[in-house]
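Participant: First, the structure itself, so that you have it in front of you.
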Amino acid sequence: MPAGTKEQIECPLKGVTLLNSPRYNKDTAFTPEERQKFEISSRLPPIVETLQQQVDRCYDQYKAIGDEPLQKNLYLSQLSVTNQTLFYALISQHLIEMIPIIYTPTEGDAIKQFSDIYRYPEGCYLDIDHNDLSYIKQQLSEFGKSDSVEYIIITDSEGILGIGDQGVGGVLISVAKGHLMTLCAGLDPNRFLPIVLDVGTNNETHRKNHQYMGLRKDRVRGEQYDSFLDNVIKAIREVFPEAFIHFEDFGLANAKRILDHYRPDIACFNDDIQGTGAVALAAIIGALHVTKSPLTEQRIMIFGAGTAGVGIANQIVAGMVTDGLSLDKARGNLFMIDRCGLLLERHAKIATDGQKPFLKKDSDFKEVPSGDINLESAIALVKPTILLGCSGQPGKFTEKAIREMSKHVERPIIFPISNPTTLMEAKPDQIDKWSDGKALIATGSPLPPLNRNGKKYVISQCNNALLYPALGVACVLSRCKLLSDGMLKAASDALATVPRSLFAADEALLPDLNNAREISRHIVFAVLKQAVSEGMSTVDLPKDDAKLKEWIIEREWNPEYKPFV
């Protein structure tokens, strides 16, 4: 990762080619000398502006769009392929306002309408009809030399942002996640590659759309799918051997098995499984600082046992194991509820591979009449200290369920983290009322504070952007051999223990994304230290803590214009 300094850089372009390069274009900020040298003096208005003047103009243009999120998304996307420095400078100054525009929820609309509103190519498109290792390597080599790419986000678009199978349009989720890597943690955007794997789509709306730009066939599965993915991973390892691989928004049937398959051998990560789990764990750790009770003594019930729910469960288990529990005892503290109720051994035939380690013995619940055990009954039986919602089913955390839980726990920890807000299992004000103001609450979407006994109570957001960018940058900086459970736990612990000055309020369980860069530095530092202690780092990092912190900052990419030579 190049140092974020003011050094001069060599510009290989000139004329209109330079002005059309988002990497090198400065628009009206080119100096008179640069305009002359690079043959663009007649192509720009005579005034020379600062980056801040450009940011101010763009923000005025952005506000003039009005209350049309998708149009704002398109405006910012156009800016990103015109002048990336200006794009990142603008958003970094309005981060909280613009993240919902460039990421969830608005990016979901852009993805759904990808083929209808397509304007310019972004990212790398690999399709299963060209499942040949040599050809895939040739495609990847179009994006640079072996050291040109250090971070890759790859999706097959089956599980996009809660909106499901989006086919080729899923490339935009890889693009958006990369933007957050740069904004929140300083990843060099010129060394990041977003990839979409087009393996067909089962989305009939897209396949029937005459504008659709992807493969018009059923989503491929089985051996052909696995062969294609394996060739893609092999090609990445050969063309960009030092690149860290980030799997994003794969479907329930593939996400965990793919991660389990590749994780022992290559440096890789799945944000939906590990990132979501690590952020939820950080929020739990934050809540446990309030209750002053250890993670290893918690009884945790997860409502919704899909990719996110299982990912959170596995991350909590890993955290408990790191804190000293055996694997079996840690899993014994997790209780999963899915469409068939509390998951028991009798559900083994219909349980996914990810759910099976959490099946409880039927004999442990023999006093329950035959039939499925619903949430309210399960709470009465298990008496959980923590309740997490990942189901996408609004209203499922009922008053009866919350009051039952509050009977057994002095400060119940309740996180309805399904996105968007319309799919939350309960609203924070309902949880607050039904728990008599005792619950510690976090959500998956940004929400205003509660009024609790005349005081403002901040609702923390379990936002993956708080963690995955820093985790990814730490993996890049260390060129880690693998991403270990210890490194993930270090990230969760670091997020939960950043300086309180970075929190929106004293009672907040997680820090404020407004302070993304400072939060990320704290996490990067902790993960690097853990990587070194486990022998996972292949880079000789500074051993002095103060020097390591300086080293991290020096390697951040920042949106600033540098002199050209």
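Even glycines carry a Cβ here, placed using N, Cα and C.
Quick caveat, the model's predicted, so the values are computed rather than measured.
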Participant: From Asp198, Asp218, Asp272, grab the residue that Swiss-Prot records in the same divalent metal cation site as Glu248, Asp249.
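Facilitator: For divalent metal cation, Swiss-Prot names Glu248, Asp249; of Asp198, Asp218, Asp272, the listed one is Asp272.
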Participant: Give me the Cα-Cα distance between Asp249 (divalent metal cation binding site) and Lys177 (active site, proton acceptor), rounded to a whole Å.
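Facilitator: Cα of Asp249 (divalent metal cation binding site) to Cα of Lys177 (active site, proton acceptor) measures 11 Å after rounding.
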Participant: Ten-angstrom check, please: count other Cβ atoms within 10 Å of the Cβ of Asp272 (divalent metal cation binding site), all chains counted.
Facilitator: 25
Participant: Restricting to the recorded positions Lys177, Glu248, Asp272, Ser445, which ones have a CA within 10 Å of the CA of Tyr103 (active site, proton donor)?
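Facilitator: Cα filter at 10 Å returns Lys177.
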Participant: Hey, how far is Ser445 (phosphoserine) from Asp272 (divalent metal cation binding site), Cα to Cα, in Å?
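Facilitator: About 15 Å separates the two Cα atoms.
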Participant: So, three-state DSSP: helix, strand or coil for Lys177 (active site, proton acceptor)?
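Facilitator: SS state of Lys177 (active site, proton acceptor) = helix.
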Participant: Roughly how many Å lie between the Cα atoms of Asp272 (divalent metal cation binding site) and Lys177 (active site, proton acceptor), rounded to a whole value?
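Facilitator: On Cα coordinates alone, these residues lie 12 Å apart.
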Participant: If I restrict to non-local contacts, at least six residues apart, and a C-beta distance under 8 angstroms, what lies near Lys177 (active site, proton acceptor) in its own chain?
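Facilitator: Non-local contacts for Lys177 (active site, proton acceptor): Tyr103, Ile153, Pro194, His246, Glu248, Asp271, Tyr468.
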